[in-house]
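Below is one structure, written out as structure tokens, with a few remarks after it.
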Amino acid sequence: MDSFNPTTKMQVALTSALQAASSAGNPEIRPVHLLLAMLMQNDGIAAPLLETVGVEPDIVRNEAQRLLERLPQASGCSSQPQLSRESLAAITTAQQLATEMDDEYVSTEHLMLGLAMGDSDVAKLLTGHGASPQVLREAFVKIRGSARVTSSDPEFTYQALEKYSTDLTAQSGEGKLDPVIGRDNEIRRVVQVLSRRTKNNPVLIGEPGVGKTAIVEGLAQRIVAGDVPESLRDKTLVALDLGSMVAGAKYRGEFEQRLKVVLDDIKFSAGQIITFIDELHTIVGAGATGESAMDAGNMIKPMLARGELRLVGATTLDEYRRYIEKDAALERRFQQIFVGEPSVEDTVGILRGLKDRYEVHHGVRITDSALVAAAALSDRYITARFLPDKAIDLVDEAASRLRMEIDSRPVEIDEVERLVRRFEIEEMALVNEEDEASKERLETLRAELADQKERLAELTARWQNEKNAIDVVRELKEQLETLRGESERAERDGDLAKAAELRYGRIPEVEKKLEAAVPTAQAREDVMLKEEVGPDDIANVVSAWTGIPAGRLLEGETAKLLRMEDELGKRVVGQKKAVHAVSDAVRRSRAGVADPNRPTGSFLFLGPTGVGKTELAKALADFLFDDQRAMVRVDMSEYGEKHSVARLVGAPPGYIGHDQGGQLTEAVRRRPYTVVLFDEVEKAHSDVFDVLLQVLDEGRLTDGQGRTVDFRNTIPILTSNLGSGGSEEQVMAAVRSVFKPEFINRLDDVLIFDGLNPEELVRIVDIQLEQLGKRLAQRRLQLEVSLPAKRWLAQHGFDPVYGARPLRRLVQQAIGDQLAKMLLAGEVHDGDTLPVNVRPDGEALILG
């Protein structure tokens, strides 16, 4: 034992065995102490060794614990426990095994074999469970592979591939991967590249969410099904996890050592293992230190070139360009396979293939029209992401929302429950009252309470029954999916008897139960729980994500849109043509007959100041979003210089503020359904109009970072007072002198606002007084303004040059100032009504 050189884990096991024997009062360290000490190690090799031979470690641990309890105990013994004869023999055998295997250290697996080869109770226990020395040795070689114990901490090199990777073929065999629909050409290209002699390393390049990882999962499913050429038959496809390989690597060289062990395992498999690395660009620089150029990418280059490592990678176009293309030696070892975004039709096919999985997971039914809506609406409205990922997410969230409603108490039950609680509180208050009225009320209340309790019980029972019926359907679908998976596995394994029993016996039986259960779940017409995901549910999720009303027009909204001119006319006076044009544009968009590749409507409002151009934009925002501030306002007077154009779309690369985005593009990205007001557009530099050309024609704009911002759901409104006061021909001549023909031609309409007549001014006075009245209502004050007073305000508040804007100032001065003085002097009190009339001399208004 002089040359005994244990590993760290071996030393820990011996120390733990000594402590266990000492604390239990055992005079000797027996083999059972050693076995338990090894099984207690969290990341030790003993438990995996037993699992490999089909023995449950917990069962062995429990039986060993019972053996330990039967050992003799010595009380009052101050000496330290010594190794027993059997333990010493096991350690000696372990040392001999280490020498035989050309290992430099004695490790816990050597000791495990030494215990099994002895004649102790532990040896009988292990052999009795099927862990004989021969079986353990075979498992030991399988776990260790080609590795030798050359360090004091060798355990991390065992089962390195299993530790730092996921077996996709095993997951596919167990039915854990989602079905892959389509993508046959891409999978065929991957198979072709993998079948090459050298540089057999395909890399899938495409935008995020187009299905690169799904293609690799599809390859794993084909390998399991045997639907691949002979060169890939029975191969293992593993997904390497570089994150877990880097995690916990505290010392320099530890990551490289882990990676080398994994690569050696792959190399010694003689082409049996195909490796997949998602986010392939992460290999560049992974594990590199400041002075060293040895990263994961450089470590795998030689194996890639020689064809010893068959690697499938997946990364996005930007990251491939940024990381892989910089290293020409690494890039030439890969064969690019471009993965494009599927069409809407292909996406519908993919969703149909995934439908069953999502129905089973959420326990709801998903209609085919919902799948079509998910593909179409995501393509139309969610422009920053890619199909099929965004469509799958829509279906998933819509089903999740419906499941949450099923699991929550219906609103109807909540309302009755609150009513019952209120009646019970009222009953407790009336019980002690002696007067006749209270007694009569108590009697009536108790009758109502009994009725409501009965109704609550009935509703709760109905809800529970409907919920149970839905859950039964969900459980049967889960059973059916499990049985189908078992049937496929039995066919692959050649167990035709089991496959026939499942296919022609148990599966039809469950299908029959499911057919009977589905009508039960839908039996009543007045169901409390909705269990079907339809197009409206998908549209609601789109609206929640983007703020765009993508759902069908509700009855209330239809009526609101039809009387849109009246609603806008309450705030914008005397501009019927402009109001009508804007209303038509909004109706076209909501009815779905507008061009989907252009903005909802784009207008140039012309006319003198103060006639309602900006007010119409505010009124439109208020009508659509119930908030007049819900619009993007760009004051074009701030963009009078050539270089200020960059503020709209963001600074170009290399300039300060490049990472901040543009004021216009960022605002529309955050709120894609909005009114965009370009106020006083004639004051902007002419280059600004060139930027707006793409917005008006194609409904999109590219910002300084190269991202496309979608303007198709916006209403761009440009206001200007060019040629104000002139005839229509003069106004249009002024417009043509400032704006280029291609700019004017892209607008939906150029609207010239008319001047205001006296009657319209009185209506504007009413609007201003109504706004003042809302502010006074907080103090319960009312104004009674006479018609002469309104005409006086209209006459004195209008200026042909300034339009109706001075009216607001006049209302504040003529009424607001007097009212403020009266309030401060205590002449007016809350709840008073103040008449407003013209003074006899006609010079001012008088209150009170």
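Cβ atoms are placed via backbone N, Cα and C, with glycine included.
Taken from Swiss-Prot, the feature region 'Repeat 2' covers 83-146, and the record attributes it to sequence analysis. What Swiss-Prot records for 159-341 is region 'NBD1', and it gives similarity to another entry as the kind of evidence. The feature ATP 1 binding site is assigned by Swiss-Prot to G206, E207, P208, G209, V210, G211, K212, T213, with similarity to another entry given as support. Per Swiss-Prot, the feature coiled coil maps to 392-524; the stated evidence is similarity to another entry. According to Swiss-Prot, the region 'NBD2' annotation covers 557-755. Taken from Swiss-Prot, the feature ATP 2 binding site covers G607, P608, T609, G610, V611, G612, K613, T614. Residues or ranges marked as region 'C-terminal' by Swiss-Prot on the basis of similarity to another entry: 756-848.
Feature map: annotations from Swiss-Prot on the structure.
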residue : record             : DSSP class
E207    : ATP 1 binding site : coil
K212    : ATP 1 binding site : helix
G607    : ATP 2 binding site : coil
G612    : ATP 2 binding site : coil
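In this structure, the binding-site residues under consideration are K212, K613, and the one with the smallest number of other Cβ atoms within 10 Å of its Cβ is K212. For the binding-site residues V210, V611, the ranking by surrounding Cβ atoms (within 10 Å, all protein chains) places V611 first.
Cα to Cα, E207 (ATP 1 binding site) and V611 (ATP 2 binding site) are separated by 49 Å.
Taking DSSP states H, G and I as helix and E and B as strand, the region 'Repeat 2' (83-146) has 46 helix, 2 strand, 16 coil.
The number of other Cβ atoms within 10 Å of the Cβ belonging to T213 (ATP 1 binding site), over all protein chains shown, comes to 17. The C-beta environment of G206 (ATP 1 binding site), restricted to residues of the same chain at least 6 apart in sequence and closer than 8 Å, consists of K212, T316, L317, F338, V339, G340, E341. With DSSP classes pooled into helix, strand and coil, the tally for the region 'C-terminal' (756-848) is 54 helix, 15 strand, 24 coil.
Counting Cβ atoms from all protein chains shown, P208 (ATP 1 binding site) has 13 others lying within 10 Å of its own Cβ. Of the listed binding-site residues, namely G211, G607, P608, G610, G612, the sparsest CB environment within 10 A is found at P608. A Cα-Cα distance of 43 Å separates P208 (ATP 1 binding site) from K613 (ATP 2 binding site). Same-chain residues at least 6 positions away in sequence with a Cβ under 8 Å from that of G209 (ATP 1 binding site) are, in sequence order, R385, F386, L387, P388, D389, K390.
In sequence order, L677, D679, T719 make up the list of same-chain residues 6 or more apart from T614 (ATP 2 binding site) whose Cβ falls under 8 Å from its Cβ.
Note on proximity: among V210, G211, T213, the binding-site residues of the record, the Cα nearest G610 (ATP 2 binding site) is that of V210.
Distance from the CA of G612 (ATP 2 binding site) to the CA of T213 (ATP 1 binding site) is 55 Å. In this structure, the CA atom of K613 (ATP 2 binding site) is 45 Å away from the CA atom of V210 (ATP 1 binding site).
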